[in-house]
Amino acid sequence: MARKTLRARRFFSLIFPFFFITSVYAEQTPVSAKTVTVEAKNETFAPQHPDQYQSWKATSEQSAREDALAEDPRLVILWAGYPFSRDYNKPRGHAYAVTDVRETLRTGAPKTAEDGPLPMACWSCKSPDVARLIQQEGEDGYFHGKWARGGPEIVNDLGCADCHNTASDDFAQGKPALTLSRPYAERAMEAIGKPFEKAGRFDQQSMVCGQCHVEYYFDGKNKAVKFPWDEGMKVENMEQYYDAIAFSDWTNSLSRTPMLKAQHPEYETWSAGIHGKNNVTCIDCHMPKVQNAEGKLYTDHKIGNPFDNFAQTCANCHTQDKASLQKVVAERKQAIHDLKIKVEDQLVHAHFEAKAAWDAGATDAEMKPILNDIRHAQWRWDLAIASHGIHMHAPEEGLRMLGSAMDKAADARTKLARLLATKGITHEIPLPDISTKEKAQKAIGLNMQQINAEKQDFLKTVVPQWEDQARKNGLLSQ
């Protein structure tokens, strides 16, 4: 009966001088190669959809920053040589999408549009301006160049046109008009047999979220976004795909392992869990129907924890009370956390032991099978923990992946012990003090004082120029 109620409710749902920096970014002008129908300014739709807009704005209340590296300094070692070792915060409200990608140390401190460590693709899940630029420039045009090139263009936070065809008649009539605004996401869904236009309403609801809440990588010279789903969506399928094309995100600076970095694979892990298998969608749990002051139902766009709207989410299907369900979820979360830490401890040792083997004169041939085990172990660990809600979405799959990661890490360490013995090293390889984020970063040679100073200079000088240029071009409200 509760399931019928849910379906009925679904039916109604939806450090150069300042003047130099100024001149560099002032030279950028909008391209008008194609007719653009994507309106990226979210406030444009406030009069037509006031309840949805105000609830979307309320994601700004989810403002707390949680430093994942400070909470777990092991991560610094696992990501040694990669920007995530500098800075990794847990996710917060959608209203901070653009702010957070500007402020993270991972994007560096570029001085010009052609400067910096990361490609344009790093904007891809942050703003409806991405959909506008893809429509305007084409995918090749959008992906071309460095991340800093998009600074004056990608300025509106993740919002309406990311998920809705706001230029359609259906949207004008108050219908949801869901859309995949990223062509690469549409191709990925087709690769797993889910063409968006042929999908049902419930499938489309989750597919829209799956444009961003997925694993992806940067493909080819242009660093275009691609989902590694050609062989399937399970961790082993994606691992097989990456291995076949000899892809790596970076090389760990300690062990010299060609590594894979998982992003935020909620769509994949949700699909593997009981909710996904029963088509209980992202919307059902994170964007329920609620009533406004006049008693009218609307979709709550303050995307958040389902327990915050228990009566409108979990209680539609579950007969247990809130406290009982919270206890179950907490137990699952703790089980995954405990195994996660055990795997990390093994991987930390493996990276330092591999470094010791290289230092002792190990050859590429001797190290290859060991590095392969480290790569596969950390990939499986990462895909499990990068999906922050896996304890709810697919706890069994999370534990399975972590168990497999533990086995692979143990294999690597066994092989390392044997190899080190042939080099005359039979003692335990000592670890440096990595008890805090700062100590771990020092252990891998990061100059965090310099990195932070460069970032602050970028935020004080470059970002204001981006915003001024965006206002001049009509991309931001005054």
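Each Cβ is built from the backbone N, Cα and C atoms, and glycine gets one as well.
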Candidate sharing the heme c 5 site with CYS314, CYS317, HIS318 (per Swiss-Prot), from HIS264, HIS275, HIS349, HIS351: HIS275
The heme c 2 site in Swiss-Prot lists CYS160, CYS163, HIS164. Which one of HIS144, HIS286, HIS301 belongs there according to the record? HIS301
Listed co-binder of heme c 4 (same site as CYS282, CYS285, HIS286, source Swiss-Prot) among HIS49, HIS393, HIS427: HIS393
Using an 8 Å cut-off from the Cβ centroid of GLU215, TYR216, LYS261, GLN263, can you name the remaining same-chain residues around the Ca(2+) site, in sequence order? VAL214, TYR217, ALA262, HIS264, PRO265, ALA386
I need the CA-to-CA distance for GLU215 (Ca(2+) binding site) versus HIS264 (substrate binding site), whole Å please. 6
Just report the maximum Cα pair distance in Å for the recorded heme c 2 binders CYS160, CYS163, HIS164, HIS301, no decimals. 13
Candidates CYS163, HIS213, LYS261, GLN263, HIS264, HIS301 (binding-site residues) with Cα within 10 Å of CYS125 (heme binding site): HIS213
Checking your reading of the structure: which of the binding-site residues CYS163, CYS212, CYS282, HIS286, HIS301, HIS393 lie inside a 10 Å Cα sphere centred on HIS275 (heme c 5 binding site)? CYS282, HIS393
Under DSSP, is CYS125 (heme binding site) part of a helix or a strand, or is it coil? coil
